[in-house]
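Structure record follows, encoded as structure tokens.
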Amino acid sequence: MLTTGPRGTQDILPSVSGQWQYVEKTIRNVCDLFGYKEIRTPIFEHTELFLRGIGETTDVVSKEMYTFKDRGERSITLRPENTAATVRAYLEHKLYADITLNKLFYIGPMFRYDRPQAGRYRQFHQFGVEAIGTANPAIDAEIIILATQFLKSLGLNELKLQLNSVGCPKCRPVYREKLQDFLRDKVKDLCPDCQSRFERNPMRILDCKNEKCTTLSQGAPEMADCLCEDCHDHFDQLKELLRAVDIEFILNPRLVRGLDYYTKTAFEIQYSPLGAQSAVCGGGRYDGLIEECGGSSTPGIGFAIGIERVMLALEKQGLMPNEDASLDALVVPLGLKAQAAAFKVLYNLRLAGYRADMDFAGRSLKAQMKQANKLGAKYAIIIGEDEVRENSVMLKNMFTSEQTKIQAAEVVKNLNFEVKD
Ligand code: AMP
């Protein structure tokens, strides 16, 4: 127990943390280009927020939440996603007071009690954006472009963008009824989950992964044929904007979100080489959510990308960049008497911005030089008893093997390469 982490969690070890930093840096670059500002919310919230903000009938809320009572007997939940919390923060801090359109992004861990498998964890990480304050389809297009630009800038090209419109509270009830009429005599053969969805949330039957449900719902009426004029126009404009910038999409009438506060645009991006867990990004418009959470009626849209899935895809395609972890200099003290002088040289090198290190284990010259090679050090700075006496160092260029004795105070001046930024 003490040497094993909880099921479904992962340690990000030093050997791969650089890869995570690379992906996070790419996220920050893209968000900066598009004018999205970072928001960081707590990893736990009042349970009520998720019941309202995600919906009690969803799998995430009904089966997958990490919920517990804190010592004050309050019901607390580890966030399973971050849209509801972002909306809570938006309302709590009145972000709407100064800016009509808030463009926000977040990166962080999410928690879902699900059966762990490759690409599916109990603690995983998401990068997401939320654009709160406009119903303009141009912002739907913008966030879809942001998601694809992020994935493409990592080198992932085999992306499939699936698109649908789920209508609005005006047109959806008509569709819902049509769908229920179509499914009514098939209900008894649906999976138990879908049987309970039939009354509460029938649109979710369309994206059930159970083969029987998929077959039974073949030929079901499509939302696209029931959209009201407003939703229809909105969807048309979005498609036109995406075509204008050559973003390919596939219309998928089975891409649904059954709750009332999800409106209009729904989309998913898949990276097919990932197989079963190919969904890397899921997003959509939620024009009713802010009101549901206690604010005034405000349109919004967002997406979330699973970072572990992106990492798996990068690994699979060999797209992980090589890290440059090489040292500028390894300081090599010979014996304990040289340690203080070596420590001072090390201190000055780091102060000047050089990536430097030294041996702390009292190893032999041979062992330390081997280490310098292993670390890819450009210089070894050797300090023995003679050097301590003379206040000097032996500067060895590891590429040319050339050695020069210089004054300890001159070391920084003698490293003839630029400091990395
Ligand atoms: P969702 O919030 O369910 O729409 O998921 C958005 C994205 O998060 C998905 O497309 C996945 O890439 C990722 N994701 C969701 N659940 C998990 C999980 N349990 N483990 C790893 N990634 C996940």
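Just so it is clear, glycine is given a Cβ too, placed from its N, Cα and C backbone atoms.
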Recorded L-histidine site member, picked from R28, R112, R176, R184, that accompanies E81, N82, T83, Q126, E130, R257, Y261, Y262 in TrEMBL: R112
Where E81 (L-histidine binding site) falls in three-state DSSP terms: coil
Filtered binding-site residues, from T83, Q126, R257, Y262, whose Cβ is under 6 Å from an atom of ligand 1: Q126
Most crowded position, judged by CB atoms within 10 A, among T83, Q126 as binding-site residues: T83
Nonlocal residues around Y262 (L-histidine binding site), in sequence order (Cβ under 8 Å, 6 or more apart): V166, G284, R285, Y286, G288, L289
For the domain 'Aminoacyl-transfer RNA synthetases class-II family profile' (23-333), mean pLDDT (0 to 100): 94
Helix, strand or coil at R257 (L-histidine binding site) [DSSP, three-state]: coil
